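Trainee: In case it's useful when we look at the structure, here is the feature table from TrEMBL:
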type	residues	note
TRANSMEM	B:12-36	transmembrane segment
TRANSMEM	B:43-63	transmembrane segment
TRANSMEM	B:69-87	transmembrane segment
TRANSMEM	B:108-128	transmembrane segment
TRANSMEM	B:148-168	transmembrane segment
TRANSMEM	B:197-216	transmembrane segment
Amino acid sequence: MKRSALVTAAALLILALAPLALPFLQFVLTIAIAKGFAALGVALLLRAGLISLGHAMFYAIGAYAAAFMATTLGITDFALLIIGSTAISAFFGVLFGLFLVRYRAIFFAMLNLAVSMVIYALASKLYGITGGTDGLRVAVPTVFGMTLEKSSFDGLLYYTAIVLVALLGYLVHRYLKSPLGHALSAVHSNEVRLEYLGVSAWSTLLTAYGISAALAGVGGAIAALSIGHVLPEFAFWTESGHLVLTAVLGGIAGIAGPFLGSVFLEIVHTVAVGYAAEAWNMIVGIALLVVIFFLPRGLFGLFERLVGRKSTDGEPTL
Amino acid sequence: MLQTLIPLAVDALANAALIFFVAVGLTLVFSVLRILNVAHGSFYSIGAYVAASVGLWIVGAGLPDWLTFPALFLSAAVVAAILGPLLEKTLVSWTYGKSEAVQVLVTFALFLILEDLQRIVFGVQSVYQDTPMAMLGISEIGGIVYLNYQLLLIGFAAALLIALRIFITRSRTGRLLAAVVADREVSEALGIDTKRMFMIAFTLGVFLAALGGALATPTTGVSPGLGADTMVLAFAVAAIGGLGQVEGAAIASVIVAAAKVLAIYFAPSLDAVAPYLVMLAVLLVKPYGLFGSGSTRKI
C-alpha cells in the first residue's frame, strides 16, 4: 500500500514537471488526462463485465455542457464550469442508466451505442442550439474573478487536472474498496449469487454508471476548456471505441491504468503524426491486439511486473 | 399525392436494399459465430472501393461497359474469398469463447487496421463510378420517372432474401449452419465440422457486406469514413430486427430507410437522427429487437 502510494506520487510529480522540460507536452497531456478520466469511467463498467460502446456521449455531454454554460448562461468561472458539467453528465448518466443497466453483454453495448448515436446526430444536426457540425466555441474562462491569458489559463488548467486526477482517483479508489465497489466486480463473477446475498445488481450498476458518466463528464469539460472548441465528433461511436481501447490498453485493474493508457496513446499519437499520420489507426489497432493477446492486464500490469509487485488474485480482468 | 408517394417509396426501398445487404451479413455472422463484428462496416467500404476501382479500370481500358455489372459481383466475391477465410482463421477464431468485451475489442482493432489500410491503398479522395447506373438509364411509368438501377437494387435484395431462406432450409450447408446455430455442442457431437461452418458463415457475411458496398458505388460513390457510418447503420438495423434474424433484418432495413426518407422529406435536419431514434424507440419497447429474443438464436 505504502509503496503504491509512493509510486503514484512519483508519477504525478513526473506529470507535473514534464511540461517544464517539453512545453508542447502540456496540451498533449491535458487531453490525455481528459480522456483518461473518460477511460476510467469505461474501466469501472468493464469491472462489472459491461462494455459500453457509447461512453463518448458523456464526454461530449460534459464538453457541450461547459460550452453551453459559458456561452448561453454566462457562467465564466472555470471551477463552476467543471463542477457544473460534471453534475450535468452525472445527471444524464443516471437518467440513461435507469434503463440501460437492465441489460447485459452485447445488448448493453448496443443500447449504449444507440443512445450515443442519437446524441451525436442531434449535436451535429440541431444547428441552432449546438452549432451543428461546426460545434461551439468556448471562450477562455475566468479564474475566481480574474481574467487570464490563454497561455497562463492553460497552465492553470493543466495543474488543476493533475490535482483532479489525484483527488478523484483517490475517491474512486475508496469507492472500489467499499462494499459497493466489491459488489461491482461481483456482478461480473456471479450476478445471481450477488442477488441471493440481498444486494441489488441494478442499483449497484446504476451507481457505477452514474459515477462513470460523471468521470467522463469531468474529462469532457477539461477537454472543452483546453481545446476551446467542442465538436459532435466527441460523441461518435469510434471515440467510444477508443475509450474502451484506452482503458484496456492501460489496464482496468487499478485507477492508474486508464490514465497510463491515455498518456501513452496521446504521446505515441503526437510522435506518430510526424512520421506515419496515415497509419496511426493501424498502429493503435495492432498495439491493442498485442495487449489483448500478450498483456491481459494492460500496460499497468506490465509496469507492476517490472517493479516486482505480484499481481493479486481476484483482480478484474476482461 | 401518389406522384410524390411512389418515388419516395422507391427511394426508401432502394435505400433499404443496400442497408439490408450489410445488416443481414452482420446478423448472420452473429447468429453462427455469436460475435458482434465491429469491423463489418469495413467490408462494405472495401467492397465499394474494389468495385469502383475495377469499374474505372474496365472503362479506362476500353472494355465493353456491360462488363461493369459482373465486375460488381466479382469484386465482392474476390474481397470475400481473400479476407473472409484469412481473418476468420487468424483473428476471429481466437476470440471464440472469450468474453464479449474481448470480442468487441479485437474486431474494433481490426476495424482500425482496415480503415487505415484502405486510406493507404485507395487514397483519401472519394471514388465515383456510375457506369452501371448510367447504362440502365431511366424509365417513365405513369408520369413518374424511375432510376432503373434503383429498381434493380430492390429486385436484388428481394432475390437475396429468398435465396438465403432457401439456402438455410434446403441446402445441405445451410441446414448444417442452422444446426450449429441451434446447438453448437450437439452439432459437434454429431460430427458437424463446426470450424468449417464458422469459416463459411464469416466469409458469407463478408461477401454480403462487400456486395452491398459494390452495389452502392454507382449511386453514391465511396469516400473515407464510409465504413464507420455504415457500421452503425447496420448495427441499428440488426438490432431493430433482432440479432440473428434474417427476415427481421429485411423488415428493419425497410423501416429504417423509410424513416430516413420521410425525415429527408419532412424534416431535413433530422435525417441522420431518424435511424437511431427508430432504433431507440424499438429497443425501449423490445430490447432484443422486433423479432429477437434474449436467449434463443435463430436464422
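Positions of Cβ are set from backbone N, Cα and C atoms, glycine also.
These figures come from a predicted structure and were not determined experimentally.
I'd like these features described in context: how deep, what's nearby, how far apart.
Mentor: Counting residues 6+ beyond its ends, the transmembrane segment (B:43-63) has Cβ neighbours under 8 Å at 22, 25, 71-72, 74-76, 78-80, 83, 114, 118, 121-122, 127-129, 131-132, 205-206, 209-218, 221-222, 226-227, 230-231, 234 in the same chain.
Long-range contacts of the transmembrane segment (B:69-87) within its own chain (CB-CB distance under 8 A, at least 6 residues past either end) are made by residues 39, 43, 46-47, 50-51, 54-55, 58, 110, 132, 199, 202-207, 210-211, 213-215, 217.
For the transmembrane segment (B:148-168), the residues of the chain that approach it from at least six positions outside its boundaries are 10-11, 13-14, 16-18, 20-21, 24, 28, 132-133, 136-139, 174-175, 177-178, 208, 215, 218-219, 246-247, 250, 253, 299, judged by C-beta separation under 8 angstroms.
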Trainee: Give the nonlocal contacts of the transmembrane segment (B:12-36) in its own chain as ranges (CB under 8 Å, at least six residues past its ends).
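Mentor: Beyond its ends, the transmembrane segment (B:12-36) has Cβ neighbours at 43-44, 92, 95-96, 100, 103-104, 107, 147, 150-151, 153-154, 156-157, 160-161, 164, 177, 180-181, 197-198, 201-202, 204-209, 211-213, 215-216, 219, 230, 233-235, 237-238, 241, 243-246, 248-250, 252-254, 256-258, 260-262, 297-299.
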Trainee: Give residue numbers and ranges for long-range contacts of the transmembrane segment (B:108-128): same chain, 6 or more residues beyond its ends, CB-CB under 8 A.
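Mentor: Those are 38-39, 41-42, 45-46, 48-49, 52-53, 56, 87, 91, 217, 221-224, 227-228, 231, in sequence order.
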